[in-house]
Amino acid sequence: MAKSATIVTLFFAALVFFAALEAPMVVEAQKLCERPSGTWSGVCGNSNACKNQCINLEKARHGSCNYVFPAHKCICYFPC
């Protein structure tokens, strides 16, 4: 009985050891820089339309309506 408990303990210790050695894969997020849309005119009230325009016309990664004094503007997000 003691021998089987020792084997189980050693097996568990080896499992923990190998799990500790396994390095998790970390994917670094790409930093995005923002700038006002060059193709949007007027006040931005529809973030989905802004996003589509930024992606399709300006080749940005993302777009959204953000408040930039004095009104909401379409802001596009590009890789820095």
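Yeah, the Cβs are placed from backbone N, Cα and C, and that goes for glycine too.
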From the candidates GLN30, GLN53, the one which Swiss-Prot records as pyrrolidone carboxylic acid: GLN30
Disulphide bridge to CYS76 as given by Swiss-Prot, partner from CYS44, CYS50, CYS54, CYS65: CYS54
Member of CYS74, CYS80 annotated by Swiss-Prot as disulfide partner of CYS50: CYS74
GLN30 (pyrrolidone carboxylic acid) as reference: those disulfide-bonded residues from CYS44, CYS50, CYS54, CYS74, CYS76, CYS80 with C-alpha within 10 Å of it: CYS80
Distance [Cα-Cα, Å, rounded] between CYS80 (disulfide bond) and CYS54 (disulfide bond): 15
Candidates CYS44, CYS54, CYS65, CYS74, CYS76 (disulfide-bonded residues) - the one closest to CYS33 (disulfide bond) by CA: CYS76
